[in-house]
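> Residues or ranges marked as 4-CDP-2-C-methyl-D-erythritol 2-phosphate binding site by TrEMBL: 8-10, 34-35, 56-58, 61-65, 132-135, Phe139, Arg142. TrEMBL lists Asp8, His10, His42 with the feature divalent metal cation binding site. Annotation comment: TrEMBL describes 1-154 as domain '2-C-methyl-D-erythritol 2,4-cyclodiphosphate synthase'. The site 'Transition state stabilizer' annotation in TrEMBL covers His34, Thr133.
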Amino acid sequence: MRIGLGFDVHRLVEGRRLVLGGVEIPSPVGLDGHSDADVILHAVMDAVLGALALGDIGHYFPNTDPRFKDADSIQLAEEVALAMRGQGYRIGNMDIMVMAEWPKIAPHVSKMQARIAGAFQCSERDVGIKATTMEQLGFVGRREGITAQAVVLLLPSHGRD
Ligand SMILES: Nc1ccn([C@@H]2O[C@H](COP(=O)(O)O)[C@@H](O)[C@H]2O)c(=O)n1
Ligand SMILES: C[C@@]1(CO)OP(=O)(O)OP(=O)(O)OC[C@H]1O
């Protein structure tokens, strides 16, 4: 088995869609980035790539490449999942922590689990998603951005461990 860690942060700005965990949340502000800036999926992808020592998402999907302008991170995650399977691994489970003063993540968790599980071809029960505010402290507390962390355990596709 192998373990990986991922982290991402994006700035909240006006005039962008808010996409988190593959779910679009109606909002007057969204996350800024070259892609759709989905911090949750970016953290998960980095965790999976990290577990396999394959580098990071910037290596696979450079933010200078026009192909990834406003990219749907679910599609990028499907590519990472393909690389993971190519290395002979599958998701054991993952645990995600979102730091956001707003919006409330809890009402969207089941839909996010379904989207992430679909991209990585695993069970929704193997996708843990939790959220906390930052108690109005720092840039997250001032609603200037959202961050996410992910830990992923990978298991060999064949065999017990
Ligand atoms: N963006 C968020 C933040 C928090 N939650 C849920 O609220 C609970 C309490 O949050 P505190 O920051 O006050 O500890 C937290 O445990 C989450 O269940 C959320 O859904 N979305
Ligand atoms: C996926 C990419 C593609 O440009 O998305 P960005 O929105 O630039 O997000 P970031 O987390 O800063 O870097 C990852 C990039 O590879």
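Glycine is no exception: its Cβ is also placed from the backbone N, Cα and C atoms.
Bear in mind that the values here come from a model prediction, so they are computed numbers and not experimental data.
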> Using a 10 angstroms cut-off on Cβ to Cβ distances, just flag whichever of His10, His34, His42, Arg142 is the loneliest among these binding-site residues.
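Selected from the binding-site residues His10, His34, His42, Arg142 on minimum Cβ neighbours within 10 Å: Arg142.
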> Going by DSSP, is His42 (divalent metal cation binding site) part of a helix, a strand, or coil?
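DSSP call for His42 (divalent metal cation binding site): helix.
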> Can you go through the recorded positions Asp8, His34, His42, Thr133, Met134 and pick out those with a C-beta less than 6 angstroms from ligand 2?
Asp8, His34, His42
> Given a separation of at least six residues and a C-beta threshold under 8 Å, show me what packs close to Met134 (4-CDP-2-C-methyl-D-erythritol 2-phosphate binding site) in the same chain.
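Same-chain residues close to Met134 (4-CDP-2-C-methyl-D-erythritol 2-phosphate binding site) (Cβ under 8 Å, separated by 6 or more) are Met99, Glu101, Val140, Gly141.
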> Out of Asp8, Asp65, give me whichever of these binding-site residues has the highest number of other Cβ atoms within 10 Å.
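Sorting the candidates by Cβ neighbours within 10 Å, the top entry is Asp8.
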> Just to confirm my parser: what is the rounded mean pLDDT across the domain '2-C-methyl-D-erythritol 2,4-cyclodiphosphate synthase' (1-154)?
98
> Scan Asp8, His34, His42, Ile57, Asp65, Met134 for binding-site residues whose C-beta lands under 6 Å from an atom of ligand 1 and note them, or write none.
none
> Taking the Cβ of Thr133 (site 'Transition state stabilizer') as centre, how many other Cβ atoms lie within 10 Å?
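Excluding its own Cβ, Thr133 (site 'Transition state stabilizer') sees 15 Cβ atoms within 10 Å.
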> Tell me the Cβ neighbour count for Ile57 (4-CDP-2-C-methyl-D-erythritol 2-phosphate binding site), meaning other Cβ atoms within 10 Å of its Cβ, over all protein chains shown.
25
> Within the same chain, and leaving aside Asp8, His10, His42, name every residue whose CB is within 8 angstroms of the centroid of the CB atoms belonging to the recorded divalent metal cation site, in sequence order.
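For the divalent metal cation site, the extra neighbours are Val9, Leu31, Gly33, Ala37, Asp38, Val39, Ile40, Leu41, Ala43, Thr147, Ala148.
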